[in-house]
Amino acid sequence: MPSKKEEKKHSKSEQENHQQKAKETNQLQTSTSRKTLRRLRNQQQIEKMSSKIAKECHRLNIKFLDREFDLSEYYSCLYNFCKVTYTSINDIKRISKLFKDAKFYADGVSPGDVQQGMKIDDCCFLSAVSTCTNISGVIETICVERDEQVGVYGFIFFKDGDWVSTIVDDQLFIWTDVENNTSTISAASCKDPNETWLPLLEKEYAKIHGDYKSIEGGTISHALEDLTGSVSTDYATSEILDTDRLWKKDFLNVNRSLLAEPDLEKTKELLDEHAYSILDATEYQGTKLVKIRNQWGKTEWAGDWSDGSELWTSESMAALNHRFGDDGIFLDLL
């Protein structure tokens with residue numbers, strides 16, 4: 001039986017632990033509050049600045065030109081920090097000249113909107129964007145202000161530990177086929193040919209990093225932090241001690257209380273040096289499955305539960321709400 005002295009010591013230790021936890025919780029709440037306040041101030045600043053620019057453009061009857069990131073300066077916007085002497089991009093156009101019936105949002109945002117361009121290899125950033133579209137309102141909080149008539153767009157990102165707000169115009173890099181008289185966006189585009197939020201979001205992200213080349217490569221987790229301001233955690237599922245706990249705590253909450261990306265070691269079986277996003281996680285007859293998307297819209301898993309797998313039945317397709325097609329969406333085993 002413990003002595004009164006030992007009981008007192010134990011009680012004091014518990015009290016100290018409780019006080020320490022309370023202190024850490026308070027510090028976290030204070031830090032979060034300050035972070036939220038800084039974001040609000042940045043948003044108000046960019047809204048005010050965008051509105052002022054738009055008002056002046058309307059007064060002068062002109063389109064907005066972002067001289068800080070003027071695409072007519074091809075190389076400084078594409079390869080500002082690299083020694084490059086050639087580019088496959090041969091023209092720029094404003095949205096009004098490129099789209100027949102341009103709309104910033106055509107019908108909200110969804111993972112299927114995100115299509116990677118052929119000239120900018122920023123698959124990690126676009127996978128993060130695709131992942132963010134799964135939670136309602138995330139993209140809308142990044143694109144905070146716009147005047148589509150004059151072409152001014154204000155966005156907020158979280159970069160290097162703080163919120164960063166900036167503005168771009170509506171010029172986009174394109175590739176023009178002179179023989180066929182057609183123009184194609186060189187970077188990312190939405191599936192809807194008249195929807196514009198994605199190429200402008202990508203342009204803004206390139207601007208805060210200095211050029212388009214600087215947003216190539218990287219990791220999805222870092223891009224998610226830039227887009228949301230939240231903290232990311234990287235871990236390999238093969239190293240997890242309790243996979244059932246991981247499944248219940250994290251995977252079943254994907255796109256509800258958290259965002260997730262696949263293990264890159266696993267995706268090497270699909271397409272090397274490419275990035276994917278997790279759309280959903282579910283369990284069917286004891287089998288744990290994750291729904292994954294490749295924003296290229298091509299190259300899918302070819303193993304069990306792939307579109308060509310013999311495991312599919314009419315019952316499983318109905319239960320999992322899955323459709324076959326070369327759309328970049330497929331199911332894979334955890």
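The backbone N, Cα and C atoms fix where each Cβ goes, glycine too.
According to TrEMBL, the features are:
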- Cys123: active site (ACT_SITE)
- His274: active site (ACT_SITE)
- Asn294: active site (ACT_SITE)
- 1-24: compositional bias 'Basic and acidic residues' (COMPBIAS)
- 63-330: domain 'Calpain catalytic' (DOMAIN)
- 1-37: region 'Disordered' (REGION)
Could you round the CA separation between Cys123 (active site) and Asn294 (active site) to a whole angstrom and send it over?
9
Averaging the per-residue pLDDT over the domain 'Calpain catalytic' (63-330), what integer do you get?
82
Surrounding CB atoms that lie within 10 Å of the CB of Asn294 (active site), all protein chains:
24
CB neighbours of Cys123 (active site) within 10 A?
24
Assigned element (helix, strand, coil) containing Cys123 (active site), judged by DSSP:
helix
